[in-house]
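Student: Sharing a structure here in structure tokens format.
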Amino acid sequence: MSFEGKTITCKAAVAWGAKEPLSIEDIQVAPPKAHEVRVKVDWSAVCHTDAYTLSGVDPEGAFPIVLGHEGAGIVESIGEGVINVRPGDHVILLYTPECKECKFCRSGKTNLCSKIRETQGRGLMPDGTSRFSCRDKTLLHYMGCSSFSQYTVVADISLVAISHSAPLRSICLLGCGVTTGFGAVTHSAKVESGSTVAVVGCGCVGLAAMQGAVAAGASRIIAIDINADKEVYAKKFGATDFIDSSKVKDLVQYVIDVTDGGVDYAFDCTGNVTVMQQELQFCHKGWGKLCVIGVAAAGKTLDFRPFLVVTGRQVLGSAFGGVKGRSELPNFVDEYMQGHFKVDEYITNEEPLKNINKAFDHMHEGKCIRCVVDMNKP
């Protein structure tokens with residue numbers, strides 16, 4: 001049965017308000033308009049960014065909304081003017097779009113794209129409206145993806161077609177966490193072979209940064225976390241050292257001592273500005289670089305003595321790992337399919353859509369790296 005041009009009713013996890021459990025609802029998903037694509041979402045992962053918005057501290061957070069931004073599925077139908085995908089294509093949703101036409105895309109200096117940023121930040125499609133409704137109420141879109149719905153509508157620049165042979169259960173992770181961490185090392189910071197690298201925070205993004213450091217040829221990869229249980233994961237993804245920071249009185253001095261002056265690169269995957277300050281201090285004088293990946297809570301600022309940067313240290317940031325989704329993700333998928341790139345290893349838990357709140361519980365318990373949600377099991 002074809003739903004092309006028709007509204008679809010499906011299951012979705014709706015966030016009606018901040019700090020409230022997600023509610024499984026029957027929602028209506030309108031057909032795609034010009035330059036839009038409707039996707040049947042098969043798998044979605046749960047990310048700390050979803051929890052950040054649900055907590056109510058996200059300045060762009062608004063409700064009611066369909067969260068989720070780490071998803072993969074199959075194109076159901078396309079709107080007028082769509083030429084980059086067609087019905088039946090397997091796709092990864094992209095919260096960082098790539099129009100290839102705006103000032104940012106043409107600069108060659110960033111993976112950020114400005115074309116739909118304003119409306120995406122307001123939870124709307126590029127024309128300023130929503131394709132979701134429930135109980136006669138309009139639902140907002142999330143990060144241009146809304147993967148916690150069995151069907152979603154996205155801009156045609158917010159997804160990329162990938163190999164049909166790639167398992168959607170795994171490659172949905174490339175929509176955020178894995179790409180974000182890996183690319184921060186290889187694309188944003190451009191770590192050189194032989195470097196000493198510190199990764200602070202051993203969740204999915206941090207582990208992916210370690211995988212990136214291995215690929216870059218780093219000679220020493222120091223994983224740092226307050227949870228000693230993360231050591232086994234860190235070593236699995238390439239860490240040569242593990243520091244349980246909860247047991248170290250002066251982390252800055254400790255890292256400086258064990259690295260002969262500090263690290264060449266530090267990657268923050270915590271979003272904690274106090275930790276970021278420590279990381280900058282244990283970057284090596286003269287050339288050490290701090291790459292901030294973790295997103296701090298609204299209103300938080302990073303304070304440091306200018307002397308730290310005057311003497312050669314640098315601070316940079318990374319969004320989606322500096323990776324251009326439409327141009328580069330297909331190659332990531334191919335590398336995974338050839339056995340050269342870890343993805344499956346990040347998945348520690350799986351839940352059906354009806355248990356999505358349990359997926360969030362797994363994430364908060366600290367034992368989960370990534371929990372994937374089977375959207376076909378409502």
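Each Cβ is built from the backbone N, Cα and C atoms, and glycine gets one as well.
Annotated Zn(2+) 1 binding site per Swiss-Prot: CYS47, HIS69, GLU70, CYS176, in sequence order. What Swiss-Prot lists as NAD(+) binding site is HIS48, GLY201, CYS202, GLY203, CYS204, VAL205, GLY206, ASP225, ILE293, GLY294, VAL295, SER318, ALA319, PHE320, and the listing cites similarity to another entry. For CYS99, CYS102, CYS105, CYS113, the entry in Swiss-Prot reads Zn(2+) 2 binding site, with the evidence type similarity to another entry.
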Student: May I ask which residues of the same chain, at least 6 positions away in sequence, place their Cβ under 8 angstroms from the Cβ of HIS69 (Zn(2+) 1 binding site)?
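Tutor: HIS69 (Zn(2+) 1 binding site) has long-range Cβ partners CYS47, THR49, ASP50, LEU93, TYR95, TYR142, MET143, GLY144, CYS145, SER146, SER147, GLY175, CYS176.
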Student: Using C-alpha atoms only, work out the spacing between CYS99 (Zn(2+) 2 binding site) and ALA319 (NAD(+) binding site) and round it to an integer in Å.
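Tutor: It is 16 Å, counting Cα to Cα.
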Student: Fill in the CA-CA distance, GLY206 (NAD(+) binding site) to CYS102 (Zn(2+) 2 binding site), as an integer in Å.
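Tutor: Each residue's Cα considered, GLY206 (NAD(+) binding site) and CYS102 (Zn(2+) 2 binding site) end up 31 Å apart.
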Student: With the cut-off set at 10 Å between Cβ atoms, which of these binding-site residues ends up with the most neighbours? Options: CYS105, VAL295.
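Tutor: Sorting the candidates by Cβ neighbours within 10 Å, the top entry is CYS105.
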Student: Tell me which of the binding-site residues GLU70, CYS102, CYS105, CYS113 ends up closest to VAL295 (NAD(+) binding site) in space, Cα to Cα.
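Tutor: Smallest Cα separation from VAL295 (NAD(+) binding site) among GLU70, CYS102, CYS105, CYS113: GLU70.
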Student: Other residues with Cβ within 8 Å of the Cβ centroid of CYS99, CYS102, CYS105, CYS113 at the Zn(2+) 2 site?
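Tutor: Sorted by sequence, the hits are PRO97, GLU98, LYS100, GLU101, LYS103, PHE104, ARG106, SER114, LYS115, ILE157.
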Student: Mind giving me a neighbour count for CYS176 (Zn(2+) 1 binding site)? Other Cβ atoms within 10 Å of its Cβ, every protein chain shown.
Tutor: 31
Student: Going by Cα-Cα distance, pick out whichever of the binding-site residues HIS48, CYS202, CYS204, ILE293 is nearest to CYS113 (Zn(2+) 2 binding site).
Tutor: ILE293
Student: Using only C-alpha positions, which one of GLU70, CYS102, CYS105 is spatially nearest CYS202 (NAD(+) binding site)? These are the binding-site residues in the record.
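Tutor: Considering only the listed binding-site residues, the nearest one is GLU70.
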Student: Based on Cα distances to CYS102 (Zn(2+) 2 binding site), point out the closest of the binding-site residues HIS48, CYS204, ALA319.
Tutor: ALA319
Student: From the Cα of ALA319 (NAD(+) binding site) across to the Cα of CYS105 (Zn(2+) 2 binding site), what is the distance in angstrom?
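Tutor: About 14 Å separates the two Cα atoms.
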Student: Pop the Cα-Cα gap between GLU70 (Zn(2+) 1 binding site) and HIS48 (NAD(+) binding site) into the table, whole Å please.
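Tutor: The separation of the Cα atoms works out to 11 Å.
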